Amino acid sequence: MVRAIQKMRLLSYISLFLLVFDLAIPPIKIIGSAPFSIIISFSVLLMKKSDDIVNAVKRFSVPFFTVYFIVLFFVAFRIFFSGEQNYLLSIFKSFLIFFSAISYLAAFGGERINDKLINIFFVNGVICLVAGSIPSVLELVYLFKSGLPVPGFIPYRDAFLAGSGYFGISSIYAIIILFCAHKLINEGLSFSFAIKFMVILVAGVLAGRTAFVGIIISLIYIASKSIKYSVIGFFMITCIVVIILSVDAFSVYSSWIFEFVSFNGDSVSLSRTSSTDELNTMYFMPNDGTTWLWGDGRYVDGEGYYMGTDAGYMRNLFFGGLPFVMAVIVYACLFAFKSKSFFFTFYVLPLVFALHYKGAFILNNPAGVPVLTLLSFWLCYHGVNKRGPKILSFRYNKGEDN
């Protein structure tokens, strides 16, 4: 029985890694790794007892499926007039990943899913640090990526075992950093968690400066809850800065990482960066009134972004107008509503909206969709529902994991 439970735990981690990081597994890289997660989940479901978890997952997922069907119908209707099919494929992939996340919950439950997510992001952070430092290992990582590395760029940004691009991986690390702060406040600081948190912080910053948005909101959350952990959080951030500035492998990129920090004599101030300047140009008023009503039905333009903007809200506006922008916002708010969590509503949701301001995070981030789904479900039943422990755990014909 114990060995069976251990095997199931291992399968749950493998399935979760494939679900979240969207690996481009050869030779069929184009489909991503979510379908492989579905296969594992359905295989486990065949051995699963009929219990409360399946019913809980059904109740949780019905509103999301409703939103997806409305969005899919709107997207199909919109491209009927515009002729561009790129975004339909993107929405189908989002739906497939969401279905994979729901299948994962039905198979493995949501017990300590926050810890599992922190663990796999820690593992990928370690992979990033190792592969970014050792070229031969980095070549192995490239086997599971769909794109080609950028010559002369920061190798650590390409060293994650994930199919997402720079913004995709850095934005989801911002979310995980915030949930690490949540774990710190609610469960305290152990030695092993401190190591994981530090690695996740370093990896997040190396992935992209977008992670700093998550760090800032995390510090606000910690400061609102505990003076002691505020000091610890500040100390950890200071350690991260020292590590990046002092370690030769990282220090050569410090000017890029801390571009937003200006030193003027004895004073330190925040300044604009090339990224923020570029982001400001991404938001502008469309000239055509019909764009506001139902968009242009365009998402890409050749090899680039339609109208030259990759800002999340603008891409939604240009595709489907204000109605589609509102649908995307409702989709994000649904996670907060279903979580029944003050933390998710007032900390995670604002972070999600901030990330979408930078790029297409809501609905279209391959890692964002499953992470928000899993954590929303976990918060819904963790410490809120009296039957939470029973619903969050998973049971099998050959044993139980309590």
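Every residue, even glycine, has its Cβ placed from backbone N, Cα and C.
TrEMBL lists transmembrane segment for one of the ranges 17-33, 34-50, 255-271, namely 34-50. Proximity of distant same-chain residues to the transmembrane segment (357-381), defined by a Cβ-Cβ separation under 8 Å and at least 6 residues beyond the stretch ends, is recorded for 19-22, 32, 34, 56-57, 60, 64, 71, 90-91, 93-94, 97-98, 100-102, 104-105, 110, 113-114, 117, 162-164, 167-169, 171-172, 175-176, 179, 210, 213, 279, 310-313, 315-316, 328-329, 331-332, 335-336, 338-341, 343-344, 348, 387-388, 391-392. Contact between the transmembrane segment (317-337) and the transmembrane segment (120-144) is absent: fewer than three CB pairs lie under 8 Å, with pairs separated by 6 or more positions in sequence. Panel annotation: around the transmembrane segment (34-50), residues 8, 11, 14-16, 18-19, 22, 25, 93, 96-97, 99-100, 103-104, 106-108, 366, 370, 394-398 of the same chain, lying at least six beyond its termini, place a Cβ under 8 Å from a Cβ of the stretch. Counting Cβ pairs under 8 Å that are 6 or more residues apart, the transmembrane segment (120-144) and the transmembrane segment (197-223) reach 3 or more and are in contact.
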